[in-house]
Amino acid sequence: LSGLSSHPELQHLLFFTFCLIYTVTIIGNLLIFIVTVHPTLRMPMYFFLRVLSFLDISTASIVVPKMLVNFLSEDRSISYMGCATQLYCVICLGATECYILAAMAYDRYMAICNPLRYAIIMNSRVCHSLVLLSCCSGNVVSVVQTAWVFTLPFCGPKKINYFFCDIPPLIMLSCTDTSSYEKQIITGTVLVIFTPFCLILVSYACIISSILKISSAEGRHKTFSTCSSHLTVVTLYYASGSFTYLRPKSSNSQDTKKVLALIYTTVIPTLNPLIYSLRNKEVKAVLIKIIAELRKIETYSA
(Lines of atoms letter the chains of each structure in order from A and count residues from 1; the text may use other names and numbers.)
(Lines give C-alpha, C1' and ligand atoms only; values in the text may rest on other atoms or scores of the structure.)
Protein backbone atom coordinates (compact mmCIF):
# COMPACT_ATOMS: atom_id res chain seq x y z
CA LEU A 1 0.00 0.00 0.00
CA SER A 2 1.64 3.24 -1.14
CA GLY A 3 -0.37 5.31 1.36
CA LEU A 4 -1.47 8.92 1.08
CA SER A 5 1.92 10.42 0.33
CA SER A 6 5.35 9.23 -0.73
CA HIS A 7 7.13 12.17 0.94
CA PRO A 8 8.99 10.90 4.06
CA GLU A 9 8.87 14.32 5.73
CA LEU A 10 5.06 14.25 5.79
CA GLN A 11 4.61 10.82 7.36
CA HIS A 12 4.79 11.91 11.03
CA LEU A 13 2.50 14.88 10.41
CA LEU A 14 -0.02 12.65 8.65
CA PHE A 15 0.23 10.11 11.46
CA PHE A 16 -0.62 12.61 14.20
CA THR A 17 -3.36 14.23 12.07
CA PHE A 18 -5.20 11.00 11.35
CA CYS A 19 -4.54 9.66 14.83
CA LEU A 20 -6.41 12.72 16.14
CA ILE A 21 -9.19 12.27 13.57
CA TYR A 22 -9.56 8.59 14.48
CA THR A 23 -9.69 9.41 18.20
CA VAL A 24 -12.40 12.02 17.62
CA THR A 25 -14.31 9.52 15.47
CA ILE A 26 -14.29 6.80 18.14
CA ILE A 27 -15.10 9.10 21.07
CA GLY A 28 -17.76 11.08 19.18
CA ASN A 29 -19.60 8.03 17.87
CA LEU A 30 -19.39 6.25 21.22
CA LEU A 31 -20.93 9.34 22.86
CA ILE A 32 -23.75 9.34 20.30
CA PHE A 33 -24.27 5.63 20.91
CA ILE A 34 -24.41 6.14 24.70
CA VAL A 35 -26.60 9.25 24.55
CA THR A 36 -29.20 7.74 22.21
CA VAL A 37 -29.68 4.76 24.55
CA HIS A 38 -31.12 7.20 27.12
CA PRO A 39 -34.84 6.50 27.89
CA THR A 40 -35.90 9.93 26.61
CA LEU A 41 -34.49 9.16 23.15
CA ARG A 42 -36.33 5.95 22.31
CA MET A 43 -37.62 7.23 18.96
CA PRO A 44 -36.77 5.36 15.72
CA MET A 45 -34.63 8.28 14.53
CA TYR A 46 -32.18 7.70 17.38
CA PHE A 47 -32.22 3.94 16.88
CA PHE A 48 -31.03 4.47 13.29
CA LEU A 49 -28.50 7.01 14.57
CA ARG A 50 -27.01 4.34 16.86
CA VAL A 51 -26.70 1.98 13.92
CA LEU A 52 -25.04 4.75 11.89
CA SER A 53 -22.53 5.36 14.71
CA PHE A 54 -21.69 1.66 14.83
CA LEU A 55 -21.12 1.59 11.06
CA ASP A 56 -18.91 4.70 11.24
CA ILE A 57 -16.76 3.24 14.03
CA SER A 58 -16.42 -0.02 12.10
CA THR A 59 -15.51 1.66 8.79
CA ALA A 60 -12.88 3.88 10.39
CA SER A 61 -11.45 0.93 12.33
CA ILE A 62 -11.10 -1.15 9.16
CA VAL A 63 -9.14 1.57 7.32
CA VAL A 64 -7.40 3.99 9.70
CA PRO A 65 -5.32 1.72 12.04
CA LYS A 66 -3.54 0.04 9.09
CA MET A 67 -2.99 3.49 7.55
CA LEU A 68 -1.48 4.78 10.82
CA VAL A 69 0.91 1.82 11.02
CA ASN A 70 2.03 2.41 7.43
CA PHE A 71 2.85 6.05 8.16
CA LEU A 72 5.61 4.95 10.58
CA SER A 73 6.67 1.68 8.98
CA GLU A 74 8.88 0.95 5.99
CA ASP A 75 7.04 -2.34 5.47
CA ARG A 76 3.64 -1.38 4.08
CA SER A 77 2.72 -4.81 2.81
CA ILE A 78 -0.70 -6.36 3.21
CA SER A 79 -1.45 -10.04 2.63
CA TYR A 80 -3.65 -11.23 -0.22
CA MET A 81 -6.34 -12.45 2.21
CA GLY A 82 -5.93 -9.31 4.31
CA CYS A 83 -6.55 -7.17 1.23
CA ALA A 84 -9.62 -9.22 0.27
CA THR A 85 -10.98 -9.01 3.81
CA GLN A 86 -10.46 -5.26 3.97
CA LEU A 87 -12.18 -4.75 0.62
CA TYR A 88 -15.13 -6.93 1.67
CA CYS A 89 -15.57 -5.06 4.97
CA VAL A 90 -15.33 -1.58 3.43
CA ILE A 91 -17.88 -2.38 0.70
CA CYS A 92 -20.23 -4.16 3.11
CA LEU A 93 -20.18 -1.34 5.67
CA GLY A 94 -20.41 1.36 3.00
CA ALA A 95 -23.34 -0.27 1.19
CA THR A 96 -25.15 -0.89 4.48
CA GLU A 97 -24.71 2.77 5.43
CA CYS A 98 -26.20 3.86 2.09
CA TYR A 99 -29.32 1.81 2.82
CA ILE A 100 -29.47 2.99 6.45
CA LEU A 101 -29.41 6.63 5.28
CA ALA A 102 -32.39 5.81 3.03
CA ALA A 103 -34.19 4.20 5.99
CA MET A 104 -33.54 7.36 8.02
CA ALA A 105 -35.08 9.46 5.23
CA TYR A 106 -38.16 7.21 5.25
CA ASP A 107 -38.36 7.63 9.02
CA ARG A 108 -38.30 11.43 8.67
CA TYR A 109 -40.95 11.21 5.94
CA MET A 110 -43.28 9.23 8.21
CA ALA A 111 -42.64 11.53 11.19
CA ILE A 112 -43.41 14.73 9.26
CA CYS A 113 -45.95 13.63 6.65
CA ASN A 114 -47.86 11.06 8.75
CA PRO A 115 -47.37 12.17 12.37
CA LEU A 116 -50.59 10.57 13.67
CA ARG A 117 -49.67 7.12 12.31
CA TYR A 118 -45.91 7.45 12.89
CA ALA A 119 -45.72 5.48 16.14
CA ILE A 120 -47.83 2.66 14.69
CA ILE A 121 -46.00 2.34 11.37
CA MET A 122 -42.43 2.88 12.61
CA ASN A 123 -42.62 0.35 15.42
CA SER A 124 -39.68 -1.63 16.77
CA ARG A 125 -40.24 -4.60 14.44
CA VAL A 126 -40.22 -2.38 11.35
CA CYS A 127 -37.06 -0.55 12.44
CA HIS A 128 -35.18 -3.78 13.16
CA SER A 129 -36.38 -5.25 9.86
CA LEU A 130 -35.08 -2.22 7.93
CA VAL A 131 -31.67 -2.54 9.61
CA LEU A 132 -31.53 -6.29 8.97
CA LEU A 133 -32.52 -5.79 5.31
CA SER A 134 -29.83 -3.10 4.94
CA CYS A 135 -27.15 -5.37 6.44
CA CYS A 136 -28.14 -8.34 4.28
CA SER A 137 -28.20 -6.22 1.12
CA GLY A 138 -24.80 -4.72 1.95
CA ASN A 139 -23.39 -8.19 2.55
CA VAL A 140 -24.68 -9.53 -0.79
CA VAL A 141 -23.26 -6.55 -2.70
CA SER A 142 -19.92 -6.91 -0.93
CA VAL A 143 -19.60 -10.66 -1.53
CA VAL A 144 -20.37 -10.27 -5.25
CA GLN A 145 -18.07 -7.27 -5.81
CA THR A 146 -15.17 -8.74 -3.83
CA ALA A 147 -15.47 -12.08 -5.64
CA TRP A 148 -15.50 -10.33 -9.02
CA VAL A 149 -12.42 -8.23 -8.24
CA PHE A 150 -10.36 -11.12 -6.86
CA THR A 151 -11.05 -13.36 -9.85
CA LEU A 152 -9.07 -10.89 -11.98
CA PRO A 153 -5.54 -11.93 -12.90
CA PHE A 154 -3.03 -9.63 -11.17
CA CYS A 155 0.23 -9.81 -13.10
CA GLY A 156 1.40 -6.22 -12.83
CA PRO A 157 3.30 -4.51 -10.02
CA LYS A 158 2.26 -5.49 -6.52
CA LYS A 159 2.06 -1.88 -5.36
CA ILE A 160 -1.43 -0.52 -4.68
CA ASN A 161 -1.46 3.24 -5.16
CA TYR A 162 -3.92 3.79 -2.31
CA PHE A 163 -4.10 3.78 1.47
CA PHE A 164 -6.40 0.74 1.68
CA CYS A 165 -7.63 -2.04 -0.60
CA ASP A 166 -10.42 -0.66 -2.75
CA ILE A 167 -11.89 -1.52 -6.14
CA PRO A 168 -10.42 1.30 -8.32
CA PRO A 169 -6.73 0.76 -7.43
CA LEU A 170 -7.06 -3.03 -7.50
CA ILE A 171 -8.48 -3.26 -11.02
CA MET A 172 -5.69 -0.93 -12.16
CA LEU A 173 -3.28 -3.81 -11.36
CA SER A 174 -5.07 -6.29 -13.61
CA CYS A 175 -3.41 -7.27 -16.88
CA THR A 176 -6.64 -8.23 -18.63
CA ASP A 177 -9.56 -6.31 -20.14
CA THR A 178 -11.67 -5.10 -17.22
CA SER A 179 -14.47 -3.44 -19.18
CA SER A 180 -17.02 -6.10 -18.17
CA TYR A 181 -15.98 -5.80 -14.53
CA GLU A 182 -16.30 -2.02 -14.70
CA LYS A 183 -19.87 -2.44 -15.97
CA GLN A 184 -20.62 -4.75 -13.04
CA ILE A 185 -19.16 -2.17 -10.64
CA ILE A 186 -21.29 0.57 -12.19
CA THR A 187 -24.37 -1.66 -11.84
CA GLY A 188 -23.52 -2.21 -8.18
CA THR A 189 -23.03 1.54 -7.71
CA VAL A 190 -26.47 2.23 -9.17
CA LEU A 191 -28.06 -0.33 -6.83
CA VAL A 192 -26.16 0.81 -3.75
CA ILE A 193 -26.01 4.57 -4.25
CA PHE A 194 -28.49 5.85 -6.83
CA THR A 195 -31.46 3.65 -5.89
CA PRO A 196 -31.39 4.69 -2.19
CA PHE A 197 -30.60 8.26 -3.23
CA CYS A 198 -33.69 8.38 -5.46
CA LEU A 199 -35.79 7.10 -2.55
CA ILE A 200 -34.29 9.84 -0.37
CA LEU A 201 -35.14 12.48 -2.98
CA VAL A 202 -38.75 11.26 -3.16
CA SER A 203 -38.99 11.28 0.65
CA TYR A 204 -37.64 14.82 0.91
CA ALA A 205 -39.85 16.06 -1.92
CA CYS A 206 -42.83 14.93 0.16
CA ILE A 207 -41.27 16.38 3.31
CA ILE A 208 -40.64 19.79 1.72
CA SER A 209 -44.20 19.79 0.38
CA SER A 210 -45.51 19.19 3.91
CA ILE A 211 -43.19 21.83 5.41
CA LEU A 212 -44.42 24.47 2.97
CA LYS A 213 -47.97 23.84 4.17
CA ILE A 214 -47.04 24.85 7.73
CA SER A 215 -48.42 28.34 8.34
CA SER A 216 -45.83 29.72 10.77
CA ALA A 217 -42.26 30.47 9.70
CA GLU A 218 -40.99 29.23 13.08
CA GLY A 219 -42.76 25.90 12.59
CA ARG A 220 -41.28 25.50 9.11
CA HIS A 221 -37.78 26.26 10.38
CA LYS A 222 -38.08 23.84 13.31
CA THR A 223 -39.35 21.03 11.09
CA PHE A 224 -36.72 21.52 8.41
CA SER A 225 -33.91 21.72 10.99
CA THR A 226 -34.64 18.10 11.96
CA CYS A 227 -33.86 17.06 8.36
CA SER A 228 -30.95 19.36 7.53
CA SER A 229 -28.40 17.22 9.42
CA HIS A 230 -29.42 14.12 7.51
CA LEU A 231 -29.30 16.00 4.19
CA THR A 232 -25.75 17.18 4.94
CA VAL A 233 -24.52 13.63 5.59
CA VAL A 234 -26.36 12.23 2.56
CA THR A 235 -24.87 14.84 0.21
CA LEU A 236 -21.29 14.23 1.37
CA TYR A 237 -21.54 10.45 1.49
CA TYR A 238 -23.35 9.75 -1.76
CA ALA A 239 -21.38 12.33 -3.75
CA SER A 240 -17.96 11.01 -2.72
CA GLY A 241 -19.02 7.39 -3.31
CA SER A 242 -20.50 8.16 -6.73
CA PHE A 243 -17.40 9.92 -8.06
CA THR A 244 -15.19 7.06 -6.81
CA TYR A 245 -17.05 4.04 -8.19
CA LEU A 246 -18.92 5.27 -11.27
CA ARG A 247 -15.66 5.49 -13.23
CA PRO A 248 -13.35 3.06 -11.38
CA LYS A 249 -10.67 3.03 -14.10
CA SER A 250 -11.12 6.57 -15.35
CA SER A 251 -8.39 8.99 -16.29
CA ASN A 252 -8.90 10.88 -13.03
CA SER A 253 -5.76 10.97 -10.94
CA GLN A 254 -5.43 8.53 -8.09
CA ASP A 255 -4.83 11.50 -5.79
CA THR A 256 -8.37 12.70 -6.51
CA LYS A 257 -9.76 9.26 -5.73
CA LYS A 258 -7.74 9.16 -2.51
CA VAL A 259 -9.32 12.43 -1.38
CA LEU A 260 -12.81 11.14 -2.20
CA ALA A 261 -12.09 7.89 -0.36
CA LEU A 262 -10.84 9.86 2.66
CA ILE A 263 -14.19 11.66 2.77
CA TYR A 264 -16.35 8.55 3.16
CA THR A 265 -13.90 6.47 5.23
CA THR A 266 -12.51 9.02 7.70
CA VAL A 267 -14.05 12.50 7.36
CA ILE A 268 -17.75 11.59 7.40
CA PRO A 269 -17.43 9.18 10.38
CA THR A 270 -15.83 12.09 12.24
CA LEU A 271 -18.42 14.66 11.15
CA ASN A 272 -21.52 12.55 11.85
CA PRO A 273 -21.39 12.91 15.67
CA LEU A 274 -20.66 16.64 15.37
CA ILE A 275 -23.49 17.21 12.88
CA TYR A 276 -26.10 15.19 14.77
CA SER A 277 -25.14 16.45 18.25
CA LEU A 278 -24.48 20.13 17.58
CA ARG A 279 -27.62 20.51 15.43
CA ASN A 280 -29.95 18.45 17.63
CA LYS A 281 -31.31 20.08 20.78
CA GLU A 282 -32.61 16.80 22.24
CA VAL A 283 -29.22 15.10 21.92
CA LYS A 284 -27.45 18.10 23.46
CA ALA A 285 -29.95 18.21 26.33
CA VAL A 286 -29.46 14.51 27.15
CA LEU A 287 -25.67 14.86 26.88
CA ILE A 288 -25.71 17.78 29.33
CA LYS A 289 -27.95 15.77 31.65
CA ILE A 290 -25.59 12.76 31.56
CA ILE A 291 -22.58 14.99 32.29
CA ALA A 292 -24.43 16.57 35.23
CA GLU A 293 -25.28 13.13 36.61
CA LEU A 294 -21.65 12.01 36.31
CA ARG A 295 -20.52 15.12 38.17
CA LYS A 296 -22.96 14.34 40.98
CA ILE A 297 -21.58 10.80 41.22
CA GLU A 298 -18.04 12.16 41.40
CA THR A 299 -19.08 14.63 44.12
CA TYR A 300 -20.73 11.91 46.21
CA SER A 301 -17.76 9.55 45.82
CA ALA A 302 -15.36 12.32 46.86
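Here the Cβ of each residue, glycine as well, is placed from N, Cα and C on the backbone.
If you look up TrEMBL, you'll see 12-35 (among others) marked as transmembrane segment. For the transmembrane segment (12-35), the list of distant contacts is 4-5, 41, 49-50, 53-54, 56-57, 60-61, 64-65, 67-68, 71-72, 266-267, 269-270, 272-274, 276-277, 283, 286-287, 290: same-chain residues at least six beyond its ends, Cβ to Cβ under 8 Å.
For 28-276, the entry in TrEMBL reads domain 'G-protein coupled receptors family 1 profile'.
The annotation transmembrane segment is assigned in TrEMBL to 47-65 (among others).
According to TrEMBL, the transmembrane segment annotation covers 85-106 (among others).
The feature transmembrane segment is assigned by TrEMBL to 126-150 (among others). Note on the transmembrane segment (126-150): residues 44, 47-48, 51, 84, 87-89, 91-100, 103, 106-107, 167, 170-171, 181, 184-185, 188, 191-192 of its chain, located 6 or more positions outside it, place their CB under 8 angstroms from a CB of the stretch.
Positions annotated as transmembrane segment by TrEMBL: 185-211 (among others). Outside the transmembrane segment (185-211) by six or more residues, the chain places 94-95, 98-99, 101-102, 105-106, 108-109, 112-113, 138, 141, 144-145, 148, 167, 171, 220, 223-224, 227, 231, 234, 238, 241-242, 245-246, 248 with a CB less than 8 A from a CB of the stretch.
The transmembrane segment annotation in TrEMBL covers 223-239 (among others).
Residues or ranges marked as transmembrane segment by TrEMBL: 259-278 (among others).
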Folded-back contacts onto the transmembrane segment (85-106), same chain, C-beta under 8 angstroms, at least six residues removed = 45, 48-49, 51-52, 55-56, 58-59, 62-63, 66, 78, 130-131, 133-135, 137-139, 141-143, 145-146, 149-150, 164-167, 170, 192-193, 196-197, 199-200, 203-204, 230, 233-234, 237-238, 241, 264-265
So which residues does the transmembrane segment (259-278) touch in its own chain, when a touch means Cβ under 8 Å and the partner is 6 or more beyond its ends?
-> 4, 18, 21-22, 24-25, 28-29, 31-32, 35, 49, 52-53, 56-57, 59-60, 63-64, 90, 94, 162-164, 166, 229, 232-233, 236-237, 240-241, 243-244, 284, 287
Pop the mean pLDDT for the domain 'G-protein coupled receptors family 1 profile' (28-276) in here, whole number is fine.
-> 85
